[in-house]
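**Q** Found this in TrEMBL, in case it helps:
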- GLU320: active site, proton acceptor (ACT_SITE)
- THR34, GLY73: FAD binding site (BINDING)
- 1-28: domain 'Acyl-coenzyme A oxidase N-terminal' (DOMAIN)
- 174-335: domain 'Acyl-CoA oxidase C-alpha1' (DOMAIN)
- 375-549: domain 'Acyl-CoA oxidase C-terminal' (DOMAIN)
Amino acid sequence: MFIPAIKGQGTEEQQHKWLPLAYKMAIIGCYAQTELGHGSNVQGLETTATFDPTTDEFIMHSPTVTSTKWWPGGLGKASTHALVYARLITDKKDHGIHAFIAPIRSLEDHTPLPNVTVGDIGVKFGNGGYNTMDNGFLRFDHVRIPRENMLMRLATVTKDGKYVRSNKPRQLGYGAMVFVRQGIVIDASIYLSRAVTIAVRYSAVRRQFGNKDEPGELQVIQYRTQQSRLFPLLATAYAYRAVGFWMKSLYADVMKRLNDNDFSTLPEVHACTAGLKSITTSVTADGIEECRKLCGGHGFLCASGLPELYAAYVPACTYEGDNTILLLQVARFLLKTLSQVSKVRPVGTAAYLGNIKQLSTQNCKVSQGHDWLNTSVLLEAFEARSARQAAAVALRLAKGSGSEAEFQENTPELVESARAHCQLILVSKFIEQLQTGTPEGIRKQLEVLCYTYAFSQLIDNAGDFLATGYVTGNQIALAKEELKHMFDKIRPNAVALVDAFDHTDDYLGSALGRYDGDVYTHLYKGAFKESLNDTVVVDGYEEYLKPVLTQNLWAPHSKL
């Protein structure tokens, strides 16, 4: 985020100075926002940057233990500079959080600069996983930096200490967040597809039990219970891939608008990227763990590749915004959009709210299973559910006092409404991909996956759909039957569908997910590479095992 933040918040002069250095790695930068005592609550950060007009410098200081910068990736050992978020203070007045570029290590010998304390925060979850990242801590003890090191696109401090806010909206700072979050959504598709590839391939190799009608044991992938857990995850990986492509174009569009001083879409884009980051990372983390379970006991082996995949991925649920907090940001956007719907026509991913009267009064007309095989029918179901949930909580808040305490009291419902909105986006963007001129053969496969994803979301959230009154229990039952038909269509192509992700064996690092399917041979050979097997007799035998084994513990204590 170092470079995107400079692009979004630095003046042209500052960009000309810092970006070439960063691009050619003449400096190595990190993004130092989170502190030991504050993460999502950016306004609560404690690090200070106090301006000294006598020297034309800022004094960076960490006044408390909790003000220690904590978690920035690359900070622990690699970075020479940090983009530090700190409280700007001029003439004893606090102007809130601003961004500063602070040198932290010598460019001569990489030692910490005077009065800078920096290091790695320690081992994280997993044997390897995220431990390749040098997440660090950073403290300043009255460290001076030039005034020009404050990023001044959104606000400036003059030589005499006067604070001047720019006429540019502060949302320009969202550019870095949008960039990173769209990357996180794409990563979610990649990580989930890796786990699904392993689980699908192994499910096709592993055989368990059988039935009277067929000789031998059945492939695990033949069992409906395995399909009902695995195939929706396969479809989800494809859905996230589709929305990831869309988010790339969304980011390109928003940056073009920003360069043209068009800030009209920023609130919607911020809410969209925040919500999708939350949904995709939570589902992917849970999905990787589900794939591990789907691989049975062997999935628990590090040789399966799944434990470390989970350990490497699960931090995504927290970094760049706690997932629950992000959904509440989406909820605030939905509330604001609904409050203005009579005056301003919603656009983008919230456009459906402009049709809220119809969505609130008309119910689902599905009467037979095949009626669900219509993307417009499916889309309307998700729109109605989202619109009704958002309207219900908005109405509840409107009847109250409007206090923050009342908002907090309704946060569970607000989170659910935000989640419904994000699931609608995912379904709609998957549907849109089917209409982009994809070759017919591929389109048919994607259509099956799209229906699988949408039906699984409909069924998993059946309580919400039923509670809004849009669908009936019978219509949910019909969707369940259609989902089974989708499983039957996926099954013959399941292995080919994961092969299409094109993950090499080296990249997967999994004995279970090998392309050639020779699982058991490689599990067996791999066991001999375990360090415990370097010796035939285990170290410690003489000291610990032999004394126990040579005791006559079972000698009778009395004559029979």
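Positions of Cβ are set from backbone N, Cα and C atoms, glycine also.
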**Q** Within the chain of the residue listed as 'active site, proton acceptor', which residues six or more apart in sequence place their C-beta under 8 angstroms from its C-beta?
**A** MET177, VAL180, ARG181, ILE184, LYS277
**Q** Per DSSP, how many helix, strand and coil residues does the domain 'Acyl-coenzyme A oxidase N-terminal' (1-28) have?
**A** 20 helix, 0 strand, 8 coil
**Q** Express the predicted model's confidence over the domain 'Acyl-coenzyme A oxidase N-terminal' (1-28) as a mean pLDDT, rounded to an integer.
**A** 94
**Q** For GLY73 (FAD binding site), which residues in the same chain are close in space, meaning a Cβ under 8 Å from its Cβ, but six or more apart along the sequence?
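**A** Long-range Cβ contacts: CYS30, TYR31, MET133, ASP134, ASN135, GLY136.
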